[in-house]
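Enquirer: Reproduced below are the annotations present in TrEMBL:
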- 21-45: transmembrane segment (TRANSMEM)
- 65-84: transmembrane segment (TRANSMEM)
- 91-110: transmembrane segment (TRANSMEM)
- 142-163: transmembrane segment (TRANSMEM)
- 183-204: transmembrane segment (TRANSMEM)
- 210-235: transmembrane segment (TRANSMEM)
- 327-347: transmembrane segment (TRANSMEM)
- 367-388: transmembrane segment (TRANSMEM)
- 408-431: transmembrane segment (TRANSMEM)
- 451-471: transmembrane segment (TRANSMEM)
- 498-516: transmembrane segment (TRANSMEM)
Amino acid sequence: MGSSSGLVDWRGRPVNTRRHGGVRASIFIHALVLLSNAANIANILNLVSYLRNEMHMDVARASTMASNFFAALQMFSIPAAFLADSYIKRFYTILIFGPIEILGYILLAVQAHVPSLHPPSCNPGQQTTTCESLHGSNLSLLLLGLYLIPIGDGAARACLPALGGEQFNKSDPVEQRQEASFFNWYTFAVSTGGFVGLVFVVWVENSKGWDIGFVVCALCVLLGMLIWIAGFPFYRNQLPTGSPITRILQVLVAAFKKRRVKLPENPSDLKQIKHDEASAIEILHRTQGFHCLDKAAVDTGKTGAWSPCSITQQGNTMDTRLGSIRISPATLFVIPTVFQMVILVVYDRFIVPFLRRITGYVGGVTHLQRIAIGFLSTTVATGVAALVEIKRKKVAEDNGLMDATSGIPISVFWLTVQFFLLGIVDVTSFVGLLEFFYSEASMGMKSIGSSIFYCILGVSAWLGSLLIQLANRVTKHRDGTGGWLDGTNLNRGKLDRFYGLLAVLELLSLFIYVFFARRYVYRNDQKVVVDEDNKIPSERAINAI
């Protein structure tokens, strides 16, 4: 392999694939993913404790703020993705926005360290819920620090998957497999970062102080940025192709103008981008959907960007004790994180090569099949959670502990089965969706494709909060009490019924997903690339397996 068309190094020169890209370049990307997630995942799961204990917020307010923080981490990937795909290279986008995340953690560390920036201390013996909560300018400082983090991290979430995918050439048998593995190891880096965060960062925050904990988070992101910057000489970079919104609007306007024009019987008569016009944009083939937009590609003699559009633009429209050790609730999530890490390695190193030989797909199965496995695992996991909750409440009742908030004699390892199933979800649906949106997006919308995936997570967080409130309101008695999730005593609540409701909704969603997935037509071929001379996978490809 020599040069790679349309890709440049960090100085804008054409890349040489012997020196640029590949697994070596992806290692620097994985380092930033790992270290940034060590900070973010720890705070996503431990933020409620900070807001409750240090800022004296009630449960509802603290939980809502934590949910909004998680959603913002996902949603802020959209503007960064738009900038990266339209105007500036992806690594410049991360380089510009990354320091903003570090600044956010520094502001949180300053507030946690300075007593005057805290709410007044509670009187001895006074309950936290009756203490004065954070308000005024100090609350504004907290919100500023919290939401600077998503602004910076959003750029990484949007651009790193796309930047990593660019390091591999799908037409090369070896690099095709390496690209498929990249998304598995990307998720492994996320899980490893979560493991480090939940074991180390959460321990620092709870034991050494939140000010030190936030400083550690800032240092994690800074170290990740420095390692990632060290990889600049090795990256392949896709040049931005202009605003995708403009291209979409061009298609819609051109199609509307020609709504009365008859489509030619021969699709080859539609306007196509020529190869010498496509140095920085890929050529997409015509699809069978949205025939009304084909009229935008009919040449009526008029010129201009808003008149005859190409078929390519049409494509752009598309008991928390472990032995004698007591762990914090946030650290409990180490269990599913470990499952994710182990399952990912087994899946990538053993299951995928085995399935690849049977199916001929580079990923062992198609993207949508992989996602479906995760959705099914989610449904089963929720059903198991409902059964475990029934068991837990029965143990509490048999031991006369219905009004106790802790000390129920049932091991945390009862959660093992559902945690294992949740590990499968991340290995299948998380990776599958990320890879699907990346691979099916056109060349000029790769970052936006990745950000769509993260936006799904953000919207689901908001919808989850809405579903909790709706279920609780519907199940309340006429006197306003008795909702499934009312109060703080889980033993008196109906969490098992709520889990059952979720399982039914997830099963219904699975059926809907399968209905549409079976009708989806892939834009890219997921079959293994073969050596054209011998019509078999090349020797390098076999060794890569």
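Note: Cβ is positioned from N, Cα and C throughout, glycine not excepted.
Each of the listed features needs to be described in terms of its position in the shown structure.
Expert: Sequence-distant contacts of the transmembrane segment (21-45), counting only residues of its own chain at least 6 positions beyond either end whose CB sits under 8 Å from a CB of the stretch, comprise 4, 7, 15, 66, 69-70, 73, 94, 101, 105, 149, 153, 156, 160, 163-164, 166-169, 175, 178, 182, 185-186, 188-190, 192-194, 196-198, 200-202, 205, 216-218, 220-221, 223-225, 227-228, 230-231, 234-236, 330, 333.
Only residues 6 or more beyond the boundaries of the transmembrane segment (65-84), in the same chain, are considered here, and those with a CB under 8 A from a CB of the stretch are 40, 43-44, 47-48, 51, 57, 90, 92-93, 97, 146-147, 149-151, 153-155, 157-159, 162, 240, 243-245, 447-448, 450-451, 454-459, 461-462, 464-465.
Sequence-distant contacts of the transmembrane segment (91-110) (same chain, at least 6 residues past either end, Cβ-Cβ under 8 Å): 10, 32, 36, 39, 80, 83-84, 117, 141-142, 144-149, 151-156, 158-160, 163, 210-212, 214-215, 217-218, 221-222, 225, 228-229, 232, 235, 237, 447.
With a threshold of 8 Å between CB atoms, the same-chain residues lying at least 6 positions outside the transmembrane segment (183-204) that come near it are 26, 29-31, 33-43, 45-46, 160-161, 164-165, 212-213, 216-217, 220, 328, 330-331, 333-334, 337-338, 340-341, 344-345, 347-348, 352, 426-427, 430-431, 434-435, 438.
Counting same-chain residues at least six beyond the ends of the transmembrane segment (367-388), those with a Cβ under 8 angstroms from any Cβ of the stretch are 414-415, 417-418, 421-422, 424-433, 435-436, 439-440, 496-497, 499-500, 502-503, 506-507, 509-510, 513-514, 517, 520, 522, 526.
Using a Cβ-Cβ cut-off under 8 Å and counting only residues 6 or more beyond its ends in the same chain, the transmembrane segment (451-471) has close neighbours at 64, 67, 70-75, 77-78, 80-81, 154, 157-158, 433-434, 437, 483-485, 498, 501.
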